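**Student:** Got these off Swiss-Prot a minute ago, pasting:
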BINDING   Gly614, Pro615, Asn616, Met617, Gly618, Gly619, Lys620, Ser621  ATP binding site
Amino acid sequence: MSTIENFDAHTPMMQQYLKLKAQHPEILLFYRMGDFYELFYDDAKRASQLLDISLTKRGASAGEPIPMAGIPYHAVENYLAKLVNQGESVAICEQIGDPATSKGPVERKVVRIVTPGTISDEALLQERQDNLLAAIWQDSKGFGYATLDISSGRFRLSEPADRETMAAELQRTNPAELLYAEDFAEMSLIEGRRGLRRRPLWEFEIDTARQQLNLQFGTRDLVGFGVENAPRGLCAAGCLLQYAKDTQRTTLPHIRSITMERQQDSIIMDAATRRNLEITQNLAGGAENTLASVLDCTVTPMGSRMLKRWLHMPVRDTRVLLERQQTIGALQDFTAELQPVLRQVGDLERILARLALRTARPRDLARMRHAFQQLPELRAQLENVDSAPVQALREKMGEFAELRDLLERAIIDTPPVLVRDGGVIATGYNEELDEWRALADGATDYLERLEVRERERTGLDTLKVGFNAVHGYYIQISRGQSHLAPINYMRRQTLKNAERYIIPELKEYEDKVLTSKGKALALEKQLYEELFDLLLPHLEALQQSASALAELDVLVNLAERAYTLNYTCPTFIDKPGIRITEGRHPVVEQVLNEPFIANPLNLSPQRRMLIITGPNMGGKSTYMRQTALIALMAYIGSYVPAQKVEIGPIDRIFTRVGAADDLASGRSTFMVEMTETANILHNATEYSLVLMDEIGRGTSTYDGLSLAWACAENLANKIKALTLFATHYFELTQLPEKMEGVANVHLDALEHGDTIAFMHSVQDGAASKSYGLAVAALAGVPKEVIKRARQKLRELESISPNAAATQVDGTQMSLLSVPEETSPAVEALENLDPDSLTPRQALEWIYRLKSLV
């Protein structure tokens, strides 16, 4: 890019551009030029690649052609959305001076900075997902982490103690933009994330952070927020708040408090668990066939976002959970009436954020009015619900009759997109505005009267009075009659077949009309800004109302799901344990074309580990995951897919289910598996729910079996966690005989000829057969390979003389038995082809074999 070194050689306009660009060197600068935003030099080259737009040249400056790319101002939101989705930030530079009075370039300034984590515009946001700005800080004692949803004002901080917990927080929150200090040591935690922003160290200083936060909240200290003793979290929060203020170029009145998130308040799930349980994102990265896809039939975007937050942070406070359960039960008879009305409320939460930022558009205010219009009916319907929590929500949502009346009087029914287009303020709201509009709108009548009068006065039947945007008002006479034009007609424009004229009276009226239009638009903008001033004093109450409406939407949705999907209300018990009668997988049962086979589960301190065996495809992983999902659903207060559930305290959910190579970090499948296993063994407690699926794959058979055995022993004897341990190592089925609290269960299958039918039914005891070859045949492995595999299996089974004693049906050899040396007689028989022997040779072979025994 052209530099400041040859600054004086540039044109005045480019000097202005370069000054503004120097203030924002690392982000794209959209420089307003008439009806376009233009980008120059390196910005133009980057934008042409990112947006797939043409790269051209705009004249020359300092003797060099200027690379240039441009986008129409009316389409800017679409282009901003593309850039934000790619993690880019953009400074929007507008003309603020009057071209008519400017000497030199029109005055311009950057009015806002659009970044992935600070957007609030409707067109740039995913309506059913939170969009978070985050900051991360680290010192010798651990991490500090803060998140802000600028589109709602929700401000949170936490202090993850270690790397694994920090990784889980990043996975849970998935920020659109992440600020980090220039000396941040754990770059491998955040590398590859979108929207990374390196910030100077001084922005994370604790004293600056306290000062920033107290100034924002109007407080002398932070004790009332419960964050005073969270220095690492405050360092992150201070940097984050300063960045938000810098980018928004305005106050942030909707950010009124900050909340500390503590590990002990919610069930902890690490990054692997969130991924494996497919809570809001499936393993392929999509949203289909996830828990959220089944549970989320909310009717407002803000309700959908709240439900997803609940799913990722199950609460441990049973008082909160029992209140939600009671509310869901009370609402089940009212869902059909409430959901259509709630649907009309829309995304009040984000509209209020735009109001606070003074970026709300006319249609935002119209939607706010529409939301207010639903409140009387909602409150009337809720009055009939016999539930104290529901009545508390009813009071919290308010009614706002005065604000509804204000917006009904002030804003027309269907306003334009932008206030600068005019026609936003309703007739009758302001007398002066009505007068200016009457003058501007009366032009049509005046022109018709003038045309009739001038035709009669001149006798010219081709005379017409009209208007265009370039030349203004005119009197047009055909070429054939133009020589008869009166002497007071002054020629304004010559056309091929006509002449256009102006007269003093029409010129005077034109000035008056154009002045009235300008004054009407200026007054309309002023009145629109005054509406903000009238609404903003109610912002806190409005935010509480939006929160109550979102929570009501979530609870009504969960009530509808419970009724429609035949869920039951779980019971919380004081001791560790999970007892499920006829449990079902909430997602799998929705995608199956046949009835789902429900299964029981019983975990308690006396039966704390289940060794699960059975064939591949038999349903072991489904059974394990459904247990975790039922527990998760219970701990958000939801009803669950089962006939009956009793569930005790849970502090963490761990899953070691499936794995893939982590090529980016140079870790094999086995290394990933062992890392996840180590995390479980270090952090699980007797109150944890642990899912372990086929530990020990990816290494030698004996290594794998030994690791699986030791892990199972540790979980059952030392940690005493509630554990579901699926395995194909049949030796592990001996564990119940060797230690207390361990039991065998299995999923069975039936073979008929070359076909296999999976029963998907959980039974007590160990499986008797692995069915591996049958599953391989089902998958389409060639018959000759299956045939050879059966032959090899018989050979392997014959190696151990103890195999028959270990496995009655002879289908699985004991891996812990020591193979004996093969008998020479057996070896000779294996190499013998009976069909090729003559009677004499056969007799000789009998004597030879006799000598070998």
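Heads up, the Cβ atoms here are built off N, Cα and C, so glycines get one too.
Model, not experiment: these values are computed from the prediction.
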**Student:** Using Cβ atoms only, which residues of the same chain lie under 8 Å from Pro615 (ATP binding site) while being at least 6 residues apart in sequence?
**Tutor:** Leu747, Ala749, Ile756, Phe758, Ala767, Lys769, Ser770, Tyr771, Gly772, Ala774, Val775
**Student:** Check each residue in the chain of Met617 (ATP binding site) that is at least six apart in sequence and keep those whose C-beta is under 8 Å from its C-beta; list them in sequence order.
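**Tutor:** Within the chain, Met617 (ATP binding site) has Cβ neighbours under 8 Å at Phe758, Val775, Leu778.
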**Student:** With a radius of 8 angstroms around the mean position of the C-beta atoms of Gly614, Pro615, Asn616, Met617, Gly618, Gly619, Lys620, Ser621, what other residues of the same chain does the ATP site pick up?
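**Tutor:** Other same-chain residues near the ATP site: Leu747, Phe758.
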**Student:** For the binding-site residues Gly614, Gly618, Gly619, which Cβ has the most other Cβ atoms within 10 Å, all shown protein chains included?
**Tutor:** Gly614
**Student:** Would you mind pulling the DSSP three-state label for Gly614 (ATP binding site)?
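**Tutor:** Gly614 (ATP binding site) sits in coil per DSSP, no helix or strand.
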